[in-house]
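Heads up, the thing below is written out as structure tokens.
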Amino acid sequence: MSNLKLGVDVVGAHNLLPKDGEGSSSAFVELCFEGQKFRTTIKEKDLNPVWDESFYFNITDPANLHYLTLDAYVYNNVRAANSRTFLGKVSIHGNSFVPHSDAVVLHYPLEKRGIFSRVKGELGLKVYITDRNPSMKSSAPAESMPQGHQPGREKGERHTFHHLPNSSHHSHRHHHNAEASSAAAEVATTHHVPKYVADEMRAASAEHQQQKLVRMYSASAGQPVDYALKETSPFLGGGRVVGGRVIHADKTASTYDLVERMFFLYVRVVKARDLPAMDVTGSVDPFVEVRIGNYRGITRHFNDRQNPEWNQVFAFSRERMQASTLEVVIKDKDLVKDDFIGVVRFDINEIPLRVPPDSPLAPEWYRLGDKKGDKVKGELMLAVWIGTQADEAFSDAWHSDAATPVDSSPAASTVIRSKVYHAPRLWYVRVNVVEAQDLFPSERTRFPDVYVKVQIGHQVLKTKTCQARTFNALWNEDLLFVAAEPFDDHLVISVEDRVAPGRDEIIGRVVLPLSAVEKRADDRIIHSRWFNLEKPVAVDVDQLKKEKFSSRIHLRVCLDGGYHVLDESTHYSSDLRPTAKQLWRPPVGLLELGVLNAVGLHPMKTRDGRGTSDTFCVAKYGHKWVRTRTLIDNLSPKYNEQYTWEVFDPATVLTVGVFDNGQLGERGGKDLKIGKVRIRISTLETGRVYTHSYPLLVLHPTGLKKMGEIHLAIRFTCTSFANMLYQYGKPLLPKMHYVRPFSVMQLDMLRFQAVNIVALRLGRSEPPLRKEVVEYMSDADSHLWSMRKSKANFFRLMTVFSGLFAAGKWFTDICMWKNPITTVLVHVLYLMLACFPELILPTSFLYMFLIGVWNYRYRPRYPPHMNTKLSQAEAVHPDEMDEEFDTFPTSRSPDLVRMRYDRLRSVAGRIQTVVGDVATQGERFQALLSWRDPRATAVFITFCLVAAVVLFVTPVQVIAALAGFYVMRHPRFRYRTPSPPINFFRRLPARSDSML
């Protein structure tokens, strides 16, 4: 049996249903889990009982924890009859169980047991997993207690749970095994991705390695062919992709099947022993040089060590091998020229092949030889094998394709490796500043003008200044911040007195560690607390002794886990889950991405008089960021790296960006953007492999520019079709966004802070993801004004209403009898619907069904991509483009800013006119019954009376038929001037007469 236990803290219930006939209930809770039962004490005559009792269940098989359910039944104890009546129940699925450190109290609404059950109220529970003996007392099993008896307790020790890293966020280019190494690891990695190993190596012919262009999508997108999406048919690890399906080349199936298989020669340099002394002092400063042709990798060197240990791995691409012999040379570091110690040579044709899931190849001791091949003193421990990018040594190895042939060292190896990053879990911090008391300023002759300043790291917010004529102040303001786990910063609240303009004095402050702040996952009320304000250090000690009272402040502070912290544009969100893990639902699918290669990249720098690029790719989805290795001096790099993500909501977007590494050579340079691709998961068919070449389109101050193409392979696999369909009926954001919504200004401010925190955390990794990369991937500047985007959004809106405009034009042609046959048929159809109105809705839905079935054959067979025509990027004015790339605040000349301001005023004037016209029409509707125009109102109400009488005695079908025939009457019976009802409406007064 596992030592893991399921802990349940029964906090309390409120608003229970009275069941004892006296307007109350004697409630107790019975917990059931995996055949085990526990019961709380009975709270007599209390509809809002509070228990605060803890219980611990044994977990027999942690691997099946996800399939188990914790049931909590609330009963009313009937002491006279020694029985119980049902008050409600709560069922919690195993996917909601989290470690103790992440658990918070949740108030679950009570559910019915059957159709005829009548329940109400909520039950507060805290459910968590722990692996230590409970220090709190556990309840006795319910079976051993008589009805109505209050259970006793057994002594024990409290359990805690050590949460293991989430393997789905640390998987690197590999799928993961379906079974974890231990049962405890399975429980800890509740949302983890299965790991599968690559199949055995098989050689692929040269023609299979070439991409086969199948189809180009440009006509449907309405943009130039050069900017179009291209479907390809590459030969991947699992076979050739044809029509979105993988056709295997042989019977051996491959799970690492979304990239082309690449072969590498791996050399692991472990250590050396018994090296000879190389100078008169008897010391040696050894390092190892691994050479194949012109490529060489060098380990770090040690000072005065004859038995050094390196444990470094070198990977040489088979495509770039220029020799048939591998040389591993040990040298002694010297100021002038490095001294030769010994060498070990290998024939590449004799190097063994290692295929995962084989264990790592055991290193061996090799005797060193001199340049002639004779043995010399010293031995070197090496492991040499041929593998693919599926090898576990791939991520930490020095790569030959990430260094120039003449480079004698790992070229900035810390910034060229491929890595997986996990963005920090973000929380909203809500600080409700209620009031403060005993606020005595330094000058006792006046009342203070105080405000509260709250700071977390670089985030600073202030309340309004309270100018009460007392020494107490009242604010009751909410201040919102963003914090990231682990909580390194403290919450600093200071009360300051505005002595004079530009001069403030601190009355007192209080410092709260964020780790001690209460967490909540719903909108329950957090209990407020009074905090004593600490005086600033500069205050006189004698003055403090004279004061009888210390100032204090009334606060309500909590970490809101029921929200999703928006750290990216809401239009391109890759994760919509709330912060609190127990609110997470099971994943609905698995997203797999293969970054194959890039072609035709634009040179981003100059090296040796020629243009080149040192590129890497970054992919972001949810909390997991991935970065491929940097391929140096290559305008057509081949990455062939594969990654996986769990999908919790199909209405999310995967973002893939290509960047030029600016950390090589001149340190501290920025990583330049080359382009990015967005792919919405809901637009992908399940099980289909999408292999396309995406154009990398970037807007520059000079206009639109194509920077190259990125070749990707994508597959979305649905693990639970029912859960995925269930997601379509759920709110897009967590419940708290609708219960206690934020304002638009608050969301913009919080998103700005969240992006800065994520960029700061990822920038502290190794290799770092720099701030410009995080901001570009998160679309941090998407809210800024752009004339081009405004035009694009206007034309998008016109496209949305184009169907209505077309229907209106068609109906106008019907009314004008341009095609008499069609008009007669429309009259017949309208008469039929007017006589049988019950056919209107079925006919409409059937019509939409037939349209959908007809459009199925023309459905998109490719993911959506950047559309230059939709974005209004093809013929944008240079000045508008320069305005879009202007900084905020502006850095342009005053004359240019004045010209743009006048242009914006003219555009805003037209919008102002349209808004005024819409308001005028609405006010005319209100004027019909307002008697603002007494004659018009009298005419209208008289018409309403006559219409009421006529409609009362005339069937509705007749009225509808006559009205339709009147509208569609022949042009011979029409006038060129507007109809009387329109003339009457236009003569109604509006409030525009009262405008200044």
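The backbone N, Cα and C atoms fix where each Cβ goes, glycine too.
Some features that TrEMBL has for this protein:
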| type | residues | note |
| --- | --- | --- |
| DOMAIN | 1-108 | domain 'C2' |
| DOMAIN | 246-366 | domain 'C2' |
| DOMAIN | 407-531 | domain 'C2' |
| DOMAIN | 572-694 | domain 'C2' |
| REGION | 134-187 | region 'Disordered' |
| TRANSMEM | 794-812 | transmembrane segment |
| TRANSMEM | 824-854 | transmembrane segment |
| TRANSMEM | 938-967 | transmembrane segment |
Cβ contacts under 8 Å made by the transmembrane segment (824-854) with residues that lie 6+ beyond its boundaries:
814, 956-957, 960-961, 964-965, 968
Using a Cβ cut-off under 8 Å, which residues of the same chain at least 6 positions beyond either end of the transmembrane segment (938-967) come close to it?
815, 827, 830-831, 834-835, 837, 928-929, 984
If you average pLDDT over the domain 'C2' (572-694), what do you get?
90
Please list, for the domain 'C2' (246-366), how many residues fall into helix, strand and coil according to DSSP.
6 helix, 54 strand, 61 coil
